[in-house]
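Peer 1: Here it is, the structure in full.
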Amino acid sequence: MNQEILSFYSSMYFTFQEGLITLAIAWVRIAPTLFFLPFLSNKLLSSGMIKNCVTVYIVLGLWPLLSTHNLQEERVGFMEIVLYELAVGLITALILALPFMIANIIGELIDTQRGETISSIVDPASGSEASELAVFISYIVCMVFLSQGGMLLLVKTFAQSYQLLPFAAGFSQFNSLPLGEWMNQMVVKAIILAAPILITLFISEAALGLYSRFCPQLNAFSLSLTIKSIIAFAVFLLYFQNEVPDILVNMISTSPLHDIFILSDPA
C-alpha cells in the first residue's frame, strides 16, 4: 500500500514538473507579443507580474493544444525547441504589432507633409519621440482593436499558430522571404492609406507657392501650417473614421506564418 502511494506521488510530481516545463516553453512563444503590443507596453503596464499573469492565463487557455504534443527532446533537442518557440513567438509578435506600427507610419507621413514634426512629443506607449498625429492614430487603432474583441483575436491567432506550427515540433528550415514580402505589402498599404491626405496637402502646398509668387507680401510658410492642418484633418475625417482602422486590424488575418517555417518531418 505504501509503495502504491509513493509511486502515485512520484508520478504526480513528475507530471507537475513536466507541466511546468511545458508552461515555460509556451511562455517563450506568447510573451514576446505582450511586449510588442503598444497597449501592453512597459510604459503603460510597468509591472512585469501583470504581463506574466496574462501570459500564463493565455497558456492555460491553450493547454489542450499543448497537451496533445509531448516534448520530444530525444528527437529535436531542448535548445532547438526553445529556439523554435522563440522564433515563432517573435514572428507572431511582429505580425500582431505591425498594424500599430503602420498607424505610426501613417501619422508620421501626414505630419511630415503638413510640417508639424517640429512639435514632436513623447509617445506614452513606446517612450520614444513621435509626432502628435502618429500617437493619435495609434491610439485610434488600439481602441478599434480592443473594442472589436482584439484580445479574443489575439488568443485565436495564438491558437492558429499552434495549429500551423505545433508545440515543440522543431523546424528544419526558416524561409524569411514570405515575411519580407508581407512586410513590404504592409508598408505599401500604409503609404496607400495615407495617400489621399498626402496628395491633398501637396496640391494645397503647390497652390500656396503659386499664390505667393503673385503676392510676394504673403508669408506662405506661416499660412501653410494652419491651412494644411485644416485641410489634412478635413480629409482625415472624411475617409479615416471607419475604413482605415478596420483595414489595419484586419491585416492580422493575412499572416504568412505557414509559409515562413517548414516543419521537420516526424520520426
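Cβ atoms are placed via backbone N, Cα and C, with glycine included.
Pulled from TrEMBL, these are the listed features:
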type	residues	note
TRANSMEM	20-37	transmembrane segment
TRANSMEM	49-66	transmembrane segment
TRANSMEM	86-106	transmembrane segment
TRANSMEM	133-155	transmembrane segment
TRANSMEM	186-208	transmembrane segment
TRANSMEM	220-240	transmembrane segment
Peer 1: Rank 49-66, 86-106, 133-155, 186-208, 220-240 by Cβ pairs under 8 Å to the transmembrane segment (20-37) and hand me the top one.
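Peer 2: Selected stretch: 86-106, with the most Cβ pairs under 8 Å.
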Peer 1: By a Cβ-Cβ criterion of under 8 Å, what residues six or more beyond either terminus of the transmembrane segment (49-66) are in contact with it?
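Peer 2: Non-local partners: 22-23, 26-27, 30-31, 34-35, 40, 154-155, 158-159, 162-163, 167.
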